[in-house]
Every structure is written in structure tokens, then in C-alpha cells.
């Protein structure tokens, strides 16, 4: 009997179009001999089609497992994961805690710092911060200004001076009340995919070669000019270090299922820094998460099979857990 897989995509987020593209790739990649797919589309106003998944156990007997493909807020941040927990439905990817912590760049950095993982020096501000320049005095230029809870480089700017810092702050606070300002790292941009629950494994890393000053939304999805190298041209020891740190970061934030961990390798110092972790990475034709696994020996269809099995396995583990006396 075929497994019935519900794919949720779209959403109220600046990454709506990326979600749609990722979902199309996943729907095309799921083996029709193994799976029957059900599409749940969420428009940019939050309306579900054909209708919302309701938070009542047993209300969705036609669904065996859910594959959320919602990038960014209202989907990658624990909100949909909480809904699926209430509905007692197995789902692909991190749980509520791992999703929420990973989505919030400040919380992710706090957890990594507690685990003594290498992170870039940063300052946290809010929309109400009276002077962004004063708040960031201890950081040298250039700086990166980022909404704390968005992905796909939406709302991110690189500031080289105080005037650009003010403009970057004005842009970022349109997307989030909390903003992260980081010391700019001049170096290589590297990524590593992680897969698994209790015993996660890391792929071979890749390198992003932006066509612009940094790998922003336009470079990722619109210009189609950025180049990638899979696997990255790195010494074996550095590759091993990236894979180890990717798994350590994954475990630190209590991730499950899948994630992509992004790194900077700084010129001059040759130091490696964890940039961020993405719990629902892109699955578009240009997305690096599946590409890294393909180069590590796991083809796209097999990757989807494994993600679904991890989701079902986690749900089976919960069925033997007592939640009441």
C-alpha cells in the first residue's frame, strides 16, 4: 500500500516563491510507486487550500506523513511543527524546539556559544533601538545586518560605513522586530548538509562562489550567476572539521531529520565560523542540500525516502512515550 504524503508549501513569508519551487521538486521526486501525494498550499495571506490541517488527533486519517516545505516564518520556526504535534501526525524535519531555536539567529548563536562552537561576533538590536550606530560601536566595518528570523538572505545587507548601517537597519526591521548585526567576515562561504535523528551524518561540504559581494536573495534565486563547487576544494582535515562541526551544531540545537549548516572560512586567519543552520533547506533545482547528498552518494529520490523514514521512526518513538500518569 502506498504511503500518503501531505506536502505543505507556500506560506506567509518572504520566502514564499522559494517554498513553491522546493515543493515542486519534492513532488516530482517522490516515487509514485511508493507514495500518494496530497498538496496543501498556503497563500501569502495565510489561506490554506484545500483547507487547513486541524490540530485534532485522528482528524486526518488520509495522511500517513507530512512533508513541510515552508521556508522562514510561519513554517520553519516551530509553528507548523506544533500544529502537526497536536494533530499527532508524523512529519519530516526538526521538531518544535529544534525549529524554533534554529530559526532565531540570536538563540542559535547563544546555544552554539554555550557549546563552545565557533561563531562570528555579533550584536542584537530591535526596532526600538534608538541608535543602531551606537549599539554596534564595538564591531568593525564591514557588518552584516540580518532579520533574526528569516532565511534565503531576505532583508540582509552588508554595511561598510555608518550611513549604510542605518539603511541596512531600516531594511531589516521591515522583516523582523529583532535584528542581528555581525562582524563581516571576508572569506569563503561553505555549506554542509546533515541527515538523521539520533545518529546524524554529514555530507561532503560545498563552496558558494557569489557573483556579487555576498550570496544574497537575488544571487541565489534571480540572477542565476552564482557558482558552486561540490565538493568544496579543501584539505581533508578541513573537510572533516566542517562535517564534525555541522553535526555538533545540529545536535546542539536538537535538530532532527535534516538541516543545512552554513560556514565562513576567514581569509588571513583561516578560522572557521558557523554562520547559521537551516532546518528546512531549499529543494529547488539549484539548492545545495540535495546536491551535496548526491555528491556524497545519496540520490535525490533516496534522500526523500530516508527523510520520510526518519519522520515515521521519530513518530513511532513518541508512541511508546508516556505523556500522562
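A Cβ is built for glycine as well, from the same backbone N, Cα and C atoms used for every other residue.
What Swiss-Prot annotates here:
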| type | residues | note |
| --- | --- | --- |
| BINDING | 136-191 | ATP binding site |
| BINDING | 262, 276 | Mg(2+) 1 binding site |
| BINDING | 276, 278 | Mg(2+) 2 binding site |
| DOMAIN | 109-309 | domain 'ATP-grasp' |
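Of all Cβ atoms in the protein chains displayed, 16 besides its own lie within 10 Å of the Cβ of residue 164 (ATP binding site). Here the binding-site residues are 136, 143, 150, 171, 185; the one with the fewest Cβ atoms within 10 Å of its Cβ is 171. Comparing local CB density within 10 A for the binding-site residues 157, 278, the maximum falls on 278. Within 10 Å of the Cβ of residue 276 (Mg(2+) 1 binding site) there are 20 other Cβ atoms, across all protein chains. Neighbour list (residue 178 (ATP binding site), Cβ cut-off 8 Å, at least 6 residues apart, same chain): 104, 106, 124, 125, 126, 147, 148, 149.
Here residue 262 (Mg(2+) 1 binding site) is positioned 18 angstrom away from residue 143 (ATP binding site), judged by their C-alpha atoms. Taking the domain 'ATP-grasp' (109-309) as a whole, pLDDT averages 93 in the prediction. The DSSP secondary structure for residue 136 (ATP binding site) is coil.
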